[in-house]
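Below is one structure, written out as structure tokens, with a few remarks after it.
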Amino acid sequence: MLRKVFAVVSVLLVVSAAKVTKLVLDDHYVNRVVGGEVAKNGSAPYQVSLQVPGWGHNCGGSLLNNRWVLTAAHCLVGYEPSDLMVLVGTNSLKEGGELLKVDKLLYHSRYNRPQFHNDIGLMRLEQPVQFSELVQSVEYLEKAVPVNATVRLTGWGRTSTNGNVPTLLQSLNVVTLSNEDCKAKMGNPKNVDLGHVCTLTKAGEGACNGDSGGPLVYEGKLVGVVNFGVPCGRGFPDGFARVSYYHEWVRTTMANNS
């Protein structure tokens, strides 16, 4: 699967798909995500694609309601609202869905790079989205997701470190780790703090460039936002912003900018 930010040994690399190189769609890889499978149409109606006009897919995100998208801060830094659009209502980057304009970008005031602490942000849509069978919001979990829980990761991330972007949305079940286990397995404990939740399955499975900002879901509720990892699917944990840790920031930020 995809991911935009990846830690290589102890160094975090931010791979901004739009700013570095254009992501090339490749139907040959449509069934070859890193350990995942093609998501059934409509199975993740909250999933959106953050698009850069003229480039295409750059990051993932989640619809929280008809005006707000939750994503990673590093997907927003350096952009103006007019630089980004949000694709909703489709599992395909080539057809279907609707592109929506954005009128506000907000990210956590204590977002830290290169550790990627507080790597969480919000996008406000210019106009309310119309919900349908393929476009739905997702609730977020206000309590911590359990350790050793099976959670679902979706995204249009690369199928391998240097692979192309799959045309269709990919889905992968992964398992949550304790932060202590995550720090030990990551080999860089400074990158993991209370605001993170980590997942791991095995080598050959995980997030990759382009998944950043996308959703991690547990029992139908949003628990994580893709932040960082070791590219790609190499048997190291992936790190996510822990939504329960930031739920008050999310709530107040939306309320203060409604």
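Along the chain as shown, the residues are counted starting at 1.
Every residue, even glycine, has its Cβ placed from backbone N, Cα and C.
What Swiss-Prot says about this protein:
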ACT_SITE  H74  active site, charge relay system
ACT_SITE  D119  active site, charge relay system
ACT_SITE  S212  active site, charge relay system
DISULFID  C59-C75  disulfide bond
DISULFID  C182-C198  disulfide bond
DISULFID  C208-C232  disulfide bond
DOMAIN    33-255  domain 'Peptidase S1'
SITE      G206  site 'Required for specificity'
Item checked: Distance check against G206 (site 'Required for specificity') for the recorded positions H74, C75, D119, C232, keeping those with Cα within 10 Å -> C232
Notebook entry, point to check: Tell me, which recorded positions from D119, C208, S212 are within 10 Å of H74 (active site, charge relay system) if we use the C-alpha atoms?
Noted result: D119, S212
Notebook entry, point to check: Hey, what's the Cβ neighbour count for G206 (site 'Required for specificity') at 10 Å?
Noted result: 31
Note to self: Which disulfide-bonded residues are spatial neighbours of S212 (active site, charge relay system) here, meaning Cα within 10 Å, out of C75, C182, C198, C232?
What the structure shows: C75
Notebook entry, point to check: So of C59, C182, C198, C232, which of the disulfide-bonded residues has the fewest other Cβ atoms within 10 Å around its own Cβ?
Noted result: C182
Notebook entry, point to check: What is the total of other Cβ atoms whose distance to the Cβ of D119 (active site, charge relay system) is within 10 Å?
Noted result: 30
Notebook entry, point to check: Just the number: how many Å between the Cα atoms of C198 (disulfide bond) and D119 (active site, charge relay system)?
Noted result: 14
Note to self: I'd like the Cβ neighbour count for H74 (active site, charge relay system), meaning other Cβ atoms within 10 Å of its Cβ, all protein chains included.
What the structure shows: 26
